Amino acid sequence: MSTPIQQNNGVAASKTNTQPLWLLAEVTYRCPLHCAFCYNPTDYDKHTKNELSTEQWIQVLRDARKLGALQLGISGGEPLLRDDIEDIVAEASSLGYYTNLITSGVGLTEKRISAFKAGGLDHIQLSMHDITEEINNFITGTRTFELKKKVAAMIKEHGYPMVLNVVIHRFNIKHVKEILEMAEALGADFVELANTQYYGWSLVNRSQLMPTKEQIDEAEAITNAFREKVGNKMKIFFVVPDYFSNRPKKCMNGWGEVFMIVTANGDVLPCHSARVLPNMSFPNVKANGLKWAWEESPAFNQYRGDDWMKEPCRSCPEKEKDLGGCRCQAFLLSGDAEAADPVCTKSPHRHLIDEAIANAQNPYLQAQPILFRNDKNSRKLIEGENRELVEEFHALP
Ligand code: SF4
Ligand code: SF4
């Protein structure tokens, strides 16, 4: 029996006419860095040995292009840990994608960047962490400070626009001005100051990472002043953290609307952390193919439109603006994937956000050891050790 198609916000509830304009290929979860704020799933170690092959990735690129994908992000983990990224880039370029390599810089050599240029890579986004070696090395659990500066220079020399991404947290927020000065000195064309959002490892380390509202306001004011000073020479984005807003963002521009992620093991997801959601089975390219995943799979249709909404979202006049916010954030914090995102001040769970903000000022919680993102800690979490750190957030499937 066919299911009637109901229209919601221009999106069908049981089928969709939208196309996945953005494809994010999380080609590996392996990473030489151990960032305390990493958004990768805490149980990523399950998927470090069952990665898609080069041929499977090439098939993914072809299938996604047929579905209408135009922008390709290649990320991880650290994508450069795979030695076939050159082949993936060359294929993507010949298919007509606009390609963006999202990297920590570790593994980017002259030889590889030349191959990327020859293969048609359009864009490289490099992560930076601080102006001090001490904080860079602490927050990433690696000695990568000097290397990142060298890689930044290499990217520039090869004629790429310099795009720096800096995740902002308690340890570097006081250095925003100096970080922007460093970016300017490196010749950056774009800088994204991305305040930490709390998913994956950053959620586990939330009380240790979260700055105060006053620090965020000050950092934003400094950024605005710097923007005025440099004008169009360097474009600066300051991404306001959800927790300090009154309304959530329209997550991924709407569930299953324009964005599709294929993970290292071939799972197809509407957003990075969707696998934390309960009672959902996500399609996998090895078994299902991308077309079915996008158009027909129950997972991609689950939160399309607004049929699934409960109060207060259901009758809210603002629902088309944010579609109730992020399903993962709703579940991770409230235990109910269909609740309003707790960031919203109309949500009955907003107190959870306010408590988290207050907890982040509790000296005892601030002083708790950070759980760095590494294979050993991921395995421990999978095996149930430290489970209390993630249970509170429903962070493990
Ligand atoms: S945030 Fe850090 S640890 Fe996580 S994938 Fe990126 S570089 Fe690796
Ligand atoms: S109640 Fe729901 S739809 Fe309304 S603003 Fe809040 S999150 Fe958005």
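Cβ atoms here come from the backbone N, Cα and C positions, even for glycine.
The annotation domain 'Radical SAM core' is assigned in TrEMBL to 17-232.
Among the features that TrEMBL reports, [4Fe-4S] cluster binding site is placed at C31, C35, C38. Secondary structure from DSSP puts C31 ([4Fe-4S] cluster binding site) in coil.
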Same-chain neighbours of the [4Fe-4S] cluster site, Cβ within 8 Å of the mean position of the Cβ atoms of C31, C35, C38 and not counting those residues, run in sequence order as L33, H34, F37, N40, G77, S104, T140, W201, R373
